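Accompanying notes for the structure given below.
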Amino acid sequence: MSTNTTHTSCPKESREDRAFQKTYAEGTLWPVKVGMQTLNLSGTYSCNGVPFSSLPLYDTSGPHSDPSLQVNPAEGLAPVRDSWNFIKSISVPCAAPVNTESMTERHPRMAEDGIALTQMHFARKGVITPEMEYVAIRENQQLEEWIRANGRGGTPSEPITAEFVMSEVAAGRAIIPANINHPELEPMIIGRNFRVKINANIGNSALSSSIAEEVEKAVWACRWGADTVMDLSTGANIHKTREWILRNSPVPIGTVPIYQALEKVNGVAENLTWELYRDTLLEQAEQGVDYFTIHAGILEKHLPLADKRRTGIVSRGGSIMAKWCRANKQENFLYTHFEEICAILKCYDIAVSLGDALRPGSISDANDEAQFGELKVLGELTTLAWKHEVQVMIEGPGHVPLNMIEENMQKQLEYCHEAPFYTLGPLVTDIAAGYDHVNSAIGGTLIASYGCSMLCYVTPKEHLGLPDRNDVREGVVVHKIAAHAADLAKGSPIARLRDELMSSARFAFNWEDQFNLSLDPPKTREVHAASMKAAGHEGEKADFCTMCGPDFCSMKKSKEASAASAIEPGR
């Protein structure tokens, strides 16, 4: 697939270094423009005989990092998908919107006569949508020639094509969460044959945070590399908070609809009804939510198994449905009405993230009968959703020790027919409070190397409190490290290239390129500057750092030894 590229400069608020430039790659099938950050290196480095003086980087920040665009949060982002003229051609305006409270004058749309408007539907028909072409360009990062020459594990391979994207979506091995009512979205793909993605959770609680703070956290998460964001608000103004987040988000937004439904019954789980939940789905569908976490797999028969656990049910949605089932002495209405749920989702192209209500909340509960019993039900629901051509991913644990992680991936592939796996960690120990983001990244790296498609981030506040923007940044960056490490383990030539360039810059003592090739350039620059200042070398472009100093730097001595060897007589 050939692409054309246009360039703009990158604003200071997006990257603190002007080496970064916002660039766009244009499609050939549809009028799509795929945004990237191109890093202009201060030096030229040779990797496998190919010179690199710049590197295109996958970018999730959207218009927020384009200096030619002025973003007003009160107005939201431009509806870029509308310009592709695809959504309007396949949908009709909603006749009677459930909720008319909106930031924009755009009228919500839906399928006509209940037909499927999903990416899976079009993929099965052999239609390449704008979203499919977009993600193919995005995954390649304009490095097609590098991929051909340096494919997985050093074996030459072909770049990702729109046709390959289509085949993976058709088979259910990948999803493109893209509600037709989220026109501000820049499409992305979740599947084990693509880059490992990460999700950032935000959302207010009954005790803290405002709409402005949550919008800021959503944009902040995108700026640092979150591929999707989940709004898990449980406090006041849930609808308005979600509206502002959606209108300002270039990444897919997920929710857990049962939270808002619970708010409508004043927090009394026993009073929930299918009709109330259905109306909540419609409300969020019309707003543009791209995927719903739905805890339809926890059944009455699982509850006695959960009672035997050390930490019971730790999923909020799972505990709500368990309480409802016991109080009403009925089966989970999300399970009994699942086909009706699918009938709604397919009209808006909303993906379903089948929630793991029985994920283990402690090491002692990992891989137990309750967890895997629910996983089998999620596999049944996957088949049912695919019958309606609804895109599906499966949520996973949780707290799992390292030696038990691989079994989770194996059973998910077996029970859930290779649908994408999306895990919370797993956290590999129970004693890492205050450092659970690191705990989660350890397990996340391993399970992603086995084939998990997306990692849900954990912040330093996990188990302790509501994260602020600094926690969001740290959680995102740490899980970007995990995702990148897994991509390396899986043989990604694009992931490998960035590491090769970093190593070259490090050996050349090119500090600016080292900062910019890292996942957090401002922090690396700040740490280095502070340490050099403390050692009395402020502002120097030194061929050493304060870890070893000028006399004990191994790389410096290695270069000196090589230089001396090269000029020895007789050589």
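Each residue, glycine too, has its Cβ placed from N, Cα and C.
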Study note, to complete from the structure: Listed by Swiss-Prot with Asn201, Met230, Tyr259, His295, Ser315, Arg316, Gly317, Asp356, Ala357, Leu358, Arg359, Glu395 as binding substrate, from among Tyr422, Tyr435, Tyr450, is Tyr422
Review point. Around Tyr422 (substrate binding site), how many other CB atoms lie within 10 A of its CB?
Key: 27
**Study point:** Distance [Cα-Cα, Å, rounded] between Gly317 (substrate binding site) and His399 (Zn(2+) binding site)
**Key:** 17
Review point. How big is the Cα-to-Cα gap, in Å, between Ala357 (substrate binding site) and His399 (Zn(2+) binding site)?
Key: 13
Check your understanding: Using DSSP, would you call Ser315 (substrate binding site) helix, strand or coil?
Key -> coil
**Study point:** Using Cα positions only, nearest of the binding-site residues to His399 (Zn(2+) binding site) (Asn201, Tyr259, Ser315, Arg359, Tyr422)
**Key:** Arg359
